[in-house]
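Here's the structure we're looking at; comments come further down.
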């Protein structure tokens with residue numbers, strides 16, 4: 001499977017084309033739009049989330065509620081585009097451009113992207129570099145999550161840490177409703193109250209906040225990925241997918257950093273055979289060994305830096321005059337940490353769905369289900 005996205009933050013729409021989805025997968029807007037709404041939620045979001053009410057439009061590859069095997073095309077309209085039609089017009093003219101951005105923002109793609117693509121109006125960089133693009137990736141990832149659910153695989157995400165405030169309540173699959181009901185995607189009500197106070201103060205200060213997200217999947221078969229070549233290792237693919245999301249700066253699988261300072265005898269997960277299957281009493285590896293799923297729960301933590309657009313901007317340089325200036329102000333969030341967990345679950349879900357279709361093949365969902373069931377039986381009997 002593969003996909004491409006296109007579109008700018010204030011362009012008419014975001015578009016995605018997905019190739020390789022098996023036919024006969026039940027699919028409709030009801031499988032996609034709830035994930036788009038989750039992405040827009042969370043305490044600390046900005047005014048853009050009030051303007052946009054994201055919905056996916058399925059344009060090809062789905063008929064009568066099922067995939068056909070043809071490429072799936074979907075679009076998400078940018079409602080804010082009506083305020084930017086002249087500024088974002090593809091037609092020549094209008095120089096000097098309206099709302100040209102020439103004061104590069106530290107921490108953004110602005111300066112480096114401007115040099116790379118020879119733009120002096122840095123809006124030509126930020127429009128595509130914007131995290132608005134993640135709406136398309138959430139739509140794509142939600143389809144992957146739908147495929148995984150049809151194969152008996154379930155995912156979850158929550159905020160482990162926001163601005164140094166940790167969720168102290170250990171993750172439980174029984175707490176998913178509490179996570180979904182929380183505007184900070186944490187089951188820990190006390191931690192959530194502290195997080196809100198920290199966000200409110202940061203907003204008053206014109207500052208932004210980062211955090212750490214945790215994503216989990218259960219029900220994965222043994223053997224997704226490979227140890228044979230570097231580019232087939234699943235942990236490498238997961239890390240790449242996570243770090244490709246705007247503002248993500250670090251990835252941990254299992255208890256990686258905690259394990260780094262321990263002796264091996266206190267790190268690795270002992271293997272047992274009971275009740276007709278292989279099992280581990282601990283999961284320090286986070287469900288991945290040597291680039292392959294081992295049948296245990298997949299546990300991934302991702303560090304998100306604070307958003308780089310500040311209401312009290314940092315010093316910078318104007319790329320036209322080369323004079324010192326303050327960084328440009330753009331509408332932004334105080335924090336998007338809760339939404340980031342949703343995005344990360346979707347991008348990791350895509351990697352897992354891709355790995356499953358690569359390993360088991362098949363043109364249709366029933367074929368994939370049959371082959372996966374056979375692989376599960378073999379692993380249990382091995």
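Heads up, residue numbers simply count up from 1 along the chain you see.
Glycine residues also receive a Cβ, built from the backbone N, Cα and C atoms like all the rest.
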Which listed span Swiss-Prot calls region 'Disordered', if the choices are 39-63, 64-88, 89-113: 89-113
Among 218, 274, 331, indicate the single residue that Swiss-Prot lists for the FMN site containing 128, 129, 130, 246, 247, 290, 305, 306, 307, 308, 309. 331
Restricting to the same chain and to residues at least six past its boundaries, which positions have a Cβ under 8 Å from a Cβ of the region 'Disordered' (89-113)? 119-123, 125-126, 129, 305, 308-309, 313-314, 316-321, 325-328, 330
What whole-number Å value do you get for the CA-CA distance of residue 247 (FMN binding site) and residue 39 (NADP(+) binding site)? 15
At a 10 Å cut-off from the C-beta of residue 39 (NADP(+) binding site), count the other C-beta atoms across all protein chains. 27
If you count the other CB atoms within 10 A of the CB of residue 305 (FMN binding site), including all protein chains displayed, you should get 15
